[in-house]
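Asks: There's a structure below that I have some questions on.
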Amino acid sequence: MTNGQVWPKPRLQHSYDQYLKLKPDNFHFQVTGYSCDILDIQLKRYKRMLFLKAINNNEYLNSLSMNFTNEPMKMLNVLLLNPCEDYPSLNMDEKYEISINDTNGILLANSIWGILRGLETFSQLVTLDKDGSTFVIRCTSITDYPKFSHRGFLLDTSRHFYPVKSILDTLDAMSYSKLNVFHWHIVDDHSFPFQSRAFPNLSKKGAYGHSAIYTINDVKLIIEHAKILGIRVIPEFDTPGHASSWRLGGIPSLLINCSNNIDPNNFGPIDPTVQENYDFIRTLFTEVGEVFKDQYLHLGGDEVVTACWSNDKRVQAFMQNNNISNITELESYYFKNIFNITRTLETVPIVWEEVFDENIRLDPNVVVQIWKNDFNETLQKVLESGHPVLLSSCWYLNYIQYGANWMNYYSCDPSNTTTNRSDLILGGEACMWSEFVDDTNVLPFSWPSGCAVAEVLWSHVLNKTEAAARLEEHVCRMKRRGIPARPANGPNYCSY
């Protein structure tokens, strides 16, 4: 296990032989550029985290020659070069520079989001000396920025409901590895916990119970907490399939009555033939856009039981009357209407790969998220078609494996493609589906596996053998910060 090594690995780092001592009672952050509420909050947060009992690995430290400067490090200059933005976005600038010399240090970034990433790195550089009594930091220079702009974590809150605190803890854990998108799979067949003001019965009748609902205030709290961590929140309202929970609280015409045991729920996907259904979705998505601050909205589109459409006589008549010759054209008709809605709302859609695989007509800006195992061919096709891409295929964290399974996630790198359209690869997401996961086990099941995905998406050079010792330290760091991450590499001990 290392001491004072950074996760994920920085782009460029040079460490020197000298160390500085830090004393909690006389160290402070000095803001010398722009400031804002986000920065004020984070400086207080990191001042607390810096001096939690640090990791002390004597075997690693004894291998180092620790030459100390005459004076302790009293200050880190924090230089933000531009005014703070209100919310993080796909194109936010996360680059930062850190220089720790023999007296003090400086953290420099163009944006508040770069400052946040730099503060996380600075906090990870602080460790204990050999006898475990003094906080120290090594003289270091770092220039760092991410490989991909979209580094996400999906959480499914429909199959199991997660209390707000559990989601806030997840956001904190994400920030420790510089993940920057919370993909909130908020509703699905099993429950509809989002409280809609326009359609209050959706959650009243579609949630597991009155205590398993995210109120508008809950959602706003989660979005604001994510914001101060530099994390975007992208909701997913999966349609036209995975919508059984919408039935009781929606409108009577919403779902197809699926006969002949094709769908075990007896109700299939959203009925694409009824105009009232599109009016309903427009109203719901308008509200979603007002509550959530991100420009992107995930529309789902996966695992649609189209046989329910094929076997419905009314749907068949609609297809005949409108010159729709097959089910793929009917699904294209559905998504054409949905894309018209998102276009009007100035929202950028994300869809699962089935929407692309079915040759459904997509606007050029539609993002395709790939999740199936044999992803290379699909990735190539999507890029060649000119669509932005997210990759999740190798990173289903809910597929629990015994042992150091985090190493497997290094084999799935979106940048390993031969196409000349790699500029369209936005990044990827680790996914935590909740069939057998809830708030009691989501954190140890997610971390440190999610940390490995974070490094793949951030770091420019990957070496899982070198990463193993750093990950051991990062696991102990997360535990010290209250995240019950499970062991990464087998027997070990965190001295915290």
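Glycine is no exception: its Cβ is also placed from the backbone N, Cα and C atoms.
Pulled from TrEMBL, these are the listed features:
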type: DOMAIN; residues: 6-125; note: domain 'Beta-hexosaminidase eukaryotic type N-terminal'
type: DISULFID; residues: Cys36-Cys84; note: disulfide bond
type: DOMAIN; residues: 148-460; note: domain 'Glycoside hydrolase family 20 catalytic'
type: DISULFID; residues: Cys258-Cys308; note: disulfide bond
type: ACT_SITE; residues: Glu303; note: active site, proton donor
type: DISULFID; residues: Cys476-Cys494; note: disulfide bond
Asks: May I ask for the distance between Cys308 (disulfide bond) and Cys494 (disulfide bond), taken between their Cα atoms and rounded to an integer number of Å?
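Replies: For Cys308 (disulfide bond) versus Cys494 (disulfide bond), the Cα atoms are 54 Å apart.
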Asks: Any same-chain residues 6+ apart from the residue listed as 'active site, proton donor' with CB under 8 Å of its CB? Would you list them in sequence order, or say none?
Replies: Gly241, His242, Glu354
Asks: On a count of neighbouring CB atoms within 10 A, which of the disulfide-bonded residues Cys36, Cys84, Cys476 is highest?
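Replies: Comparing the disulfide-bonded residues Cys36, Cys84, Cys476, the most crowded Cβ belongs to Cys476.
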Asks: Between the Cα atoms of Cys258 (disulfide bond) and Cys494 (disulfide bond), what distance do you get, rounded to the nearest Å?
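Replies: Cα-Cα, rounded: 54 Å.
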Asks: Could you state the CA-to-CA distance between Cys494 (disulfide bond) and Cys36 (disulfide bond) to the nearest Å?
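Replies: For Cys494 (disulfide bond) versus Cys36 (disulfide bond), the Cα atoms are 36 Å apart.
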Asks: Would you mind pulling the DSSP three-state label for Cys476 (disulfide bond)?
Replies: helix
Asks: Work out the three-state DSSP category of Cys308 (disulfide bond).
Replies: helix
Asks: I'd like to know the mean pLDDT over the domain 'Beta-hexosaminidase eukaryotic type N-terminal' (6-125).
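Replies: Averaged over the domain 'Beta-hexosaminidase eukaryotic type N-terminal' (6-125), per-residue pLDDT gives 90.
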Asks: Highest Cβ count within 10 Å among the disulfide-bonded residues Cys258, Cys308, Cys494: which residue is it?
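Replies: Result for the most crowded candidate: Cys308.
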Asks: What does the DSSP secondary structure composition of the domain 'Beta-hexosaminidase eukaryotic type N-terminal' (6-125) look like, as residue counts for helix, strand and coil?
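Replies: Taking each residue of the domain 'Beta-hexosaminidase eukaryotic type N-terminal' (6-125) in turn, the totals are 33 helix, 33 strand, 54 coil.
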